[in-house]
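Novice: Okay, these came from TrEMBL:
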DOMAIN    221-293  domain 'DUF1736'
REPEAT    466-499  repeat 'TPR'
REPEAT    500-533  repeat 'TPR'
REPEAT    534-567  repeat 'TPR'
REPEAT    579-612  repeat 'TPR'
REPEAT    650-683  repeat 'TPR'
TRANSMEM  58-75  transmembrane segment
TRANSMEM  109-129  transmembrane segment
TRANSMEM  194-218  transmembrane segment
TRANSMEM  284-301  transmembrane segment
TRANSMEM  366-390  transmembrane segment
TRANSMEM  396-416  transmembrane segment
TRANSMEM  423-441  transmembrane segment
Amino acid sequence: SRAIKTNQDLLPETPWIHIFYNDFWGTLLTHSGSHKSYRPLCTLSFRINHAVGGMDPWGYHLVNVLLHAAVTGLFTNFSRILFGDGYWTLIAGLLFASHPIHTEAVAGIVGRADIGACLFFLLSLMCYVKHCSTRGSSPSTWGWILGAGLCAGCSMLWKEQGVTVLAISAVYDIFVFHRLKMHQIISALYKRKNLTLFFSIGLLTSWGTALLGVRLYWMGNKPPSFSNSDNPAADSDSFLTRTLTFFYLPTKNLWLLLCPDTLSFDWSMDAVPLLKAVSDWRNLHTVAFYAGLLLLAYFSLKGSSNERECNGKTVMNGKQNANGHSCHPETEYKTLEVKSNFASKEENGLKKHEIQKLQLPSTENIVILSLSLLIVPFVPATNLFFYVGFVIAERVLYVPSMGFCLLVTVGVRALYVKAQKRFLKNLVFCSTAALIVFYGLKTVVRNGDWQNEEMLYRSGIKVNPAKAWGNLGNVLKSQSKISEAESAYRNALYYRSNMADMLYNLGLLLQENSRFSEALHYYKLAIGSRPTLASAYLNTGIILMNQGKTEEARRTFVKCSEIPDENLKDPHAHKSSVTSCLYNLGKLFHEQGHYEEALTVYKEAIQKMPRQFAPQSLYNMMGEAYMRMSRLPEAEHWYVESLRSKSDHIPAHLTYGKLLALTGRKSEAEKYFMKAIQLDPTKGNCYMHYGMFQID
């Protein structure tokens, strides 16, 4: 809702330049309550969607699907560089296309940020691959690295993790294109060899540092702040709990990639219980995960025997040719020579850099790149450098899933090569095909959960019952299923009793059904849980005012008006509630005959009023106050302003008609009375005022 439905940056009357100063939710980026999610290109795409099709969701979903298709095509094309033409590239592409973890990013509109970031991530990486292949042989090489840098910047402007493509490009250059081992990197630095490689790496580092520096400056040099429910581990007082939980979460994320059996729209609150002791059995998963990761990285960086596999063919010392490519066990960074097959190609006019392009990287090289692609884009979500506003978010795995798909593909290829019998080879191949089919079926089933809000929230009850029941209550209420909605709210509070939003929503439901004493009880609980919840003060004051408890109502409205919007997630909604409080406080003074006090409060309301607030009732009451004080020119001004802000506002038609009649402009007055009746022929109040006008 905040990203699209209530985001003022999508509206045509909002200057488009505001997109580059506000966060993803339309809040000023430097505001203390801003989420600091700076994704202007994604917001710009929403604005274009809004301009073309308004709030029709079909167009938004179409763009998401087309972007996912484009990303899948680019990823498959990149896989060809690693696996060549053949089944392995197809397998990598199918794994990515069918993976269920992508459902949230594609089916959920706000997931477009991850898809767009991934699109430019791959474009940047492909540009850098071109730079590597033309470096030292063509002037266009610097155009390619410029393109890589620009696409990396665009990726970051879609979503923050996009900047990590620069690190992946460096890994590709060192370990895949140049096929260096760790000791060779140090040796090359010491001997000052291959300076063009390190110059390119230096450019990537400088550009990445510049992007991060500008990004930090633009958001006010301050990290965002999140509530306890967003990231409970970050709010824990225990260092041990924070450490164990944060180390465990990547393990949980990897399991979602491996076995996406249980998926949820929300993993906040207690969806993943905190690890509070070393004795927690989940720590075994953590140890196994990091041990496996380190071993895989160690053996890949170290390299192994002279036997290698190339695109499904076993090769010894680089002499077996597969799919037109040659593979080599140990290729020094300074030579990368091919002795037999490529000798004739060089005689035929192929240059050395063109010969080098024909070689496919070894399994170890691909594993290093895959691990980097799996880990590095995920690092911003690990709470390592700063706390994030979620426990787990499936959409965040959209980019890292590319590394996972490459890792699975290269692992399957290695098993296929090692298998000596045809039966075992067929078993490996069929198992991989079955995995792709199962992933695809799960994606189809998961898309069913995203058909509508009710199905989505019901599917999340198992993982996050408090959040799921609460959201389900809102849906059921919108469907006029009042008793079911009340039960859903109470279920949510059963799992988490201090949720201010849920306490408020339940109070609102009770108030709308004239159960005022119960509503007041839940509003007070909501205020106790979150003292800055202005909407709870507003409705409390309205109930008290209607019950004749004017002094209590006045104190409540005044207290609400004094709440600052600092560190609030949604300052726009807060300002709207504060403005409504001041409006009702002014009405209270107005009904008591204190018109000067009422005008003072109304003016304060206008001063604090946010852009999205509908001001017609406030302006009309300003006119009423001036009318009672016999200041007719000022009254007329505010009546006109009320009608200008909302031309079909019936109360303003009636009050302005009365003023026109009072000042002798009866023909004009009659038009406004008749317009009010025309707007709502069933409203008796309109006929009453018109009848009084006729008597006069």
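Note: Cβ is positioned from N, Cα and C throughout, glycine not excepted.
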Novice: Can you work out the mean pLDDT of the predicted model over the repeat 'TPR' (500-533)?
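Specialist: On average, pLDDT over the repeat 'TPR' (500-533) sits at 95.
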Novice: Six or more residues out from either end of the repeat 'TPR' (500-533), which same-chain residues have a Cβ under 8 Å from its Cβ atoms?
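Specialist: Contacts of the repeat 'TPR' (500-533) (Cβ under 8 Å, skipping residues fewer than 6 from its ends): 466, 470, 473-474, 477, 482, 485-486, 489-490, 492-493, 539-540, 543-544, 546-547, 563, 568, 574.
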Novice: By DSSP, what is the split of the repeat 'TPR' (534-567) into helix, strand and coil residues?
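Specialist: Grouping H, G, I as helix and E, B as strand yields 25 helix, 0 strand, 9 coil.
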Novice: Could you give the residue numbers and ranges of same-chain residues that sit at least 6 residues beyond the transmembrane segment (194-218) on either side and whose C-beta is under 8 angstroms from one of its C-beta atoms?
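Specialist: Tertiary neighbours of the transmembrane segment (194-218) are 29, 38, 128, 131-132, 135-136, 145, 149, 152-153, 156, 160, 163, 166-167, 169-170, 173-174, 178, 188, 333-334.
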